[in-house]
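Notes for the one structure printed next.
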Amino acid sequence: MIKISEDFCNTTTHVIIGKGSVSSLSEIIGDKKVALYYSRKLNVDKVKENLKNYYEFPMDDGEEVKDILYSLKLIRELFEKGFDRGDYVIAVGGGTVTDVVGFIASIYMRGLNLINIPTTLLGMVDAAIGGKTGVNFENVKNVLGTFYQPSFIISDIEFLETLPLEEIKKGMAEVIKYGLVLDKELYDYLAMHKDEIYSKEPEALETVVYKSALNKLAVVKEDERETKGIRIVLNFGHTIGHAIEAGSNFRIPHGYAISVGMVCEAKIAEEMGYAEEGVVEDTTWMLTHYELPITIDSLKENIDLRKAIEALTKDKKVRGGKVLMPFPTRIGNWKKVEVPLETLKGFAEQCLK
Ligand SMILES: NC(=O)c1ccc[n+]([C@@H]2O[C@H](COP(=O)([O-])OP(=O)(O)OC[C@H]3O[C@@H](n4cnc5c(N)ncnc54)[C@H](O)[C@@H]3O)[C@@H](O)[C@H]2O)c1
């Protein structure tokens, strides 16, 4: 088992990674009172085995649960069972479950102790880490949310045994992102270990989860509230990626949209003279190697170009007609650049048609 700890403003977050790591729960929780929220699709017997004093709340998962009314339903359960600030909330599931349960844990009585147990690769490498919680509103993602760090993140690789390969691929898009803009060593590791990762060898998955967690924690530690222009690096591929998601009415999964988004944004970086020659080629090679889409055509879904471009205009990072974007400069390095919105739209139109 691998353990990492990071201090944030108000909390220390401990990350425990490895096969069978949920067994550490018994020592962490003892006989404290726990609200155990979990996706009802999952078998969570091994989580329950390590708890003594808990109420279980099986729930749905998917984007529909990231909803304010659904959050109130979960909060009512906490209220009716008399939970208070000394108690624990545990979220077991993919990113949708940890996002909504994190949200309710942060607002109920101004915050209960939160433990995330991600069960998808995307959750283990990204969604469960970093303290962003949130639900969607009026069909726009994550409009309502909080920054709230979990006290523990337990990434038990055993959960990935039942995760379909398609879901592993979606998580790998975010892992490749870390390699491209933050971590050349991770990039090199990924170049060599695709077969082990896609055949779900525990050692390879552990390495990927560990290296990703280190990268994300380091960035969040520097800029927890996204005010210093550092956390923005995690958005590489996401400006165009979000436009693709919006242009497809969210039929294109996030992981695939950012995969194409990374290629487009790397091309823009190269054409604007920020990326060294070869960055686009290396980006494209790695995503193709991991069987991820690199063009709109390969997504096999129609994109409404007008809607996609409109989403760019509404992007949270647009300020005074400019968009703040993280561009790769060479593998494992990046630079923050202000791109005029009109320039970005021009590049995006070329990329997305
Ligand atoms: N808070 C953040 O910083 C952050 C970062 C990235 C993404 N997100 C959010 O995460 C969400 C996406 O996360 P996700 O891809 O995990 O989605 P998800 O929760 O919908 O899970 C994807 C699918 O995997 C299934 N599943 C989960 N665990 C499984 C397992 N062990 N075995 C078999 N099937 C399993 C689920 O039932 C679901 O069908 C989005 O809402 C996104 O906005 C949040």
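Cβ from N, Cα, C; glycine included.
The model shown is predicted, which means the values in this text are computed figures rather than measured ones.
Straight from TrEMBL, the features:
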type    : residues                                                                                                 : note
BINDING : ASP61, GLY62, GLU63, GLU64, VAL65, LYS66, THR119, THR120, LYS132, LYS141, PHE159, LEU160, GLU161, THR162 : NAD(+) binding site
BINDING : GLU174, HIS238, HIS254                                                                                   : Zn(2+) binding site
DOMAIN  : 58-169                                                                                                   : domain '3-dehydroquinate synthase N-terminal'
DOMAIN  : 171-318                                                                                                  : domain '3-dehydroquinate synthase C-terminal'
* Asked: What is the separation, in Å, between the Cα atoms of HIS254 (Zn(2+) binding site) and GLU161 (NAD(+) binding site)?
  -> 22
* Structure fact -> The DSSP breakdown of the domain '3-dehydroquinate synthase N-terminal' (58-169) into helix, strand and coil residues is 50 helix, 32 strand, 30 coil
* Entries of GLU161, GLU174, HIS238 (binding-site residues) sitting next to ligand 1, with Cβ under 6 Å as the cut-off -> none
* Asked: In sequence order, what residues of the same chain, 6+ apart, have a Cβ less than 8 Å from the Cβ of VAL65 (NAD(+) binding site)?
  -> MET59, THR96, VAL97, VAL100
* Asked: Counting by DSSP, what is the helix, strand and coil composition of the domain '3-dehydroquinate synthase C-terminal' (171-318)?
  -> 102 helix, 1 strand, 45 coil
* Max Cα distance spanning ASP61, GLY62, GLU63, GLU64, VAL65, LYS66, THR119, THR120, LYS132, LYS141, PHE159, LEU160, GLU161, THR162 (NAD(+) binders), Å? -> 29
* **Residue pair GLU161 (NAD(+) binding site), GLU174 (Zn(2+) binding site) - Cα distance, angstrom, rounded** => 19
